[in-house]
Amino acid sequence: MKVQIIFYSMYGHIFRMAEAVAEGARSVAGAEVGLFRVPELVPDEVLEKSGAKTAQQAFAHVPVAKTEQLPEADAIIFGTPTRFGNMCAQMRNFLDQTGGLWMKGSLVGKVGSVFTSTATQHGGQESTILSTHITLLHQGMVLVGLPYTEKRQMGMDEILGGSPYGAATIAGGDGSRMPSQTEIEMAKFQGRHVAEIASALVRGRAA
């Protein structure tokens, strides 16, 4: 059973969450987990001035995702920071290149899931995940979120990202806040949950 985690990260917040999602998925017996980043669209000079170029060196080793690899997966988990309540342009550009897969029905029946990050507590976590779900539904994917059996998302003793739609982190207006341990654990849960469901579907189809 193969799980692909496709993400975009500018300053490392989503990368850290992606690592946690991958860790959770790998905890499921038989799971083969791959981590991939979508191509960057921002010019190098802009990345350098913003400090993102340096931050991205931490995950420069992660292979770049290609749309033709997606049909190989049984589950695909997408990670994107929010941009005005929607997925980032880099992820939108990547998904907009999957028209050929849609024509062939290549992703129909595969498990799809989404996690995100925002600058503020109410900065578009839910709308970003839900709007990304629309694309996955057009592809015929089976959506999986973060159920309330992950009790940590109900905590009231700290500021947290995350909702039933998927794990999330709050980066802060200046990007200085990295994912908390609770947010990391929620991301692990989502990865494990997705992999368990994908594994059950694969076994069921083989029966």
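Every residue, even glycine, has its Cβ placed from backbone N, Cα and C.
Look at Swiss-Prot and you will find 3-194 tagged as domain 'Flavodoxin-like', backed by sequence analysis. Feature annotation from Swiss-Prot assigns FMN binding site to 9-14, 82-84, 117-123, H138; the stated evidence is sequence analysis. Marked as NAD(+) binding site by Swiss-Prot on the basis of sequence analysis: Y11. What Swiss-Prot lists as substrate binding site is W102, and the listing cites sequence analysis.
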Euclidean distance between Cα atoms of W102 (substrate binding site) and S9 (FMN binding site), Å: 26
List of residues, in chain order, with Cβ under 8 A from that of T120 (FMN binding site) and at least 6 apart: I170, G172, G173
Three-class DSSP secondary structure - Y11 (NAD(+) binding site): coil
Local backbone state of T82 (FMN binding site), from DSSP in three classes: strand
W102 (substrate binding site) versus G12 (FMN binding site) - Cα distance in angstrom: 30
